[in-house]
Amino acid sequence: MTGEVQTRAAAAVDQARQWDRLMRMAALGAIPGDGVNRACLTELDRESRRLLIGWAQAAGLTVSVDRLANLFLRHEGTEPGLPPVLTGSHMDSQPNGGRFDGIWGVIAGLEAVQALRGAGITTRRPIEVVAWTNEEGGRFAPGCMGSMAYAGFKPADTWDAVADGEGLTFGAELAKQLSLESDIPRRGLGVVDGPAPFAYVEAHIEQGPLLESAGLDIGAVEGIQGSRWFLVEVVGKSDHAGTAPLRLRKDAVQDMLRAIAALNELTHDPDDVLRFTVGRIEVSPNSSNSVAERARFTIDLRHPDKDVLLAKGDAIERTVQAAMTTCAATVTERFHALPSRFDPLVPGLVEQAARGLGLGVRRMASGAFHDAQFLAQVCPSGMIFVPCRGGVSHHPSEYSSPEQLGAGTRVLAAVLAELANR
Ligand code: GLV
Ligand code: MN
Ligand code: MN
Ligand code: MN
């Protein structure tokens, strides 16, 4: 049963304020069809951070930033020395993204904390709302850089040389961001420089169809399937499309197509659990009357079972090599997150809070990866999912209603009120 404090915290959530903030954020990087394109460390990302910082300061929260530009909004506890409860998500979007993926988790965190404060609820532990840097990995691959560094999974300078499509590096763009925000107090980097948080809770739209089709309000997420990202480069030789005989060519596009066909066979799963995606292809010189000298493509591979993920991922390199006829290929792994199962604490509290508030809830796994996957390595973690229309995400038509998002934030407020008083 949800206690009196949790009920009061949930009741103080202002659904209209949350929706208004989401729509103001959605205007930053708006694209046709109600979508958003707000890549990390761009001017639009900066604007969204400034907007968030303004709201947080007006609400009486203290703002700080770490060396990965992860942004923290702190509500002080009555025992400030205790490890905080952390909640949040990311503000960057996919290039053809929607208005809710990521940003809702940050806005929900702020709204939940404001609800507690508005209801006069004090907490023993501080609560920190975090906006993680580069969760999507659309501009700088891979995703989840901010949370990986925070959790000590990778050193902070791991991605300094990663370049975007224009040749700008993550390291340089990060340095620019930090200098533009030099007025914001700097803090240490997560568990590298300090103690682990007490717990982490991330609110996110489901990005899949399960809650909507079951008519449920809340998903209490118990774990996240594993993902591996690879970059394949095929190198041949450029030639004249009209004069070079096929038998003398080293056509990078043709060998890339053979490799992708072979990978489709490797990853074919009659049960449709294994997910294999080639999401990005670049060809050079990219001219209709030249044979391609280079072809690059990305692979995103996912499975909930570690053994399958490892076995299939490890077979990618030899599958690609075996498919080459005239070209040379290199395969580089760029991201590797094993399937994670959350400590039962947070999923249990999410389920309990949802039931206490009269909401329909189920336990579930996440098909998308999230920053929570890395936080789960250092503290009890969990996620709150809400339904989204048609299960659609990573697309402009992504939609969850003000009521659906409001329900998720009420659950978050109740869970935070509970965790921060433990
Ligand atoms: C995160 O955006 C993912 O691709 O799962
Ligand atoms: Mn997301
Ligand atoms: Mn996403
Ligand atoms: Mn994501």
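We number each residue from 1, going along the chain as drawn.
Any Cβ shown, glycine's included, is placed from N, Cα and C.
TrEMBL labels come from automatic prediction, so no person has curated them.
As written in TrEMBL, here are the features:
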- HIS90, ASP101, HIS204: Zn(2+) 1 binding site (BINDING)
- ASP101, GLU136, HIS394: Zn(2+) 2 binding site (BINDING)
- 224-320: domain 'Peptidase M20 dimerisation' (DOMAIN)
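Known features from TrEMBL, placed on the structure.
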residue	record	DSSP class
HIS90	Zn(2+) 1 binding site	strand
ASP101	Zn(2+) 1 binding site	coil
GLU136	Zn(2+) 2 binding site	coil
HIS204	Zn(2+) 1 binding site	strand
HIS394	Zn(2+) 2 binding site	coil
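Proximity of the binding-site residues (ASP101, GLU136, HIS394) to ligand 2: a Cβ under 6 Å from the molecule is found for ASP101. For HIS394 (Zn(2+) 2 binding site), the nearest neighbour among the listed binding-site residues (HIS90, ASP101, HIS204), judged by C-alpha distance, is ASP101. Apart from HIS90, ASP101, HIS204, the residues listed for Zn(2+) 1, the same chain places the Cβ atoms of SER89, PHE100, GLY102, ILE103, TRP104, GLY105, GLU135, ILE205, HIS370 within 8 Å of the centroid of those Cβ atoms.
Of the listed binding-site residues HIS90, HIS204, HIS394, the Cβ environment within 10 Å is emptiest of other Cβ atoms at HIS394. A straight line from the CA of ASP101 (Zn(2+) 1 binding site) to the CA of GLU136 (Zn(2+) 2 binding site) spans 10 Å. In this structure, the CA atom of GLU136 (Zn(2+) 2 binding site) is 8 Å away from the CA atom of HIS90 (Zn(2+) 1 binding site).
Cβ neighbour count for ASP101 (Zn(2+) 1 binding site) (all protein chains, 10 Å cutoff from its Cβ): 25.
Sorting the domain 'Peptidase M20 dimerisation' (224-320) by DSSP state (H, G, I as helix; E, B as strand; all else coil) yields 32 helix, 34 strand, 31 coil. What surrounds the Zn(2+) 2 site, by Cβ distance within 8 Å of the Cβ centroid and not counting ASP101, GLU136, HIS394, is the set SER93, GLN94, GLY97, GLY98, GLY102, GLY138, GLN207, SER393 from the same chain.
Around the Cβ of GLU136 (Zn(2+) 2 binding site), 23 further Cβ atoms fall within 10 Å across all displayed protein chains.
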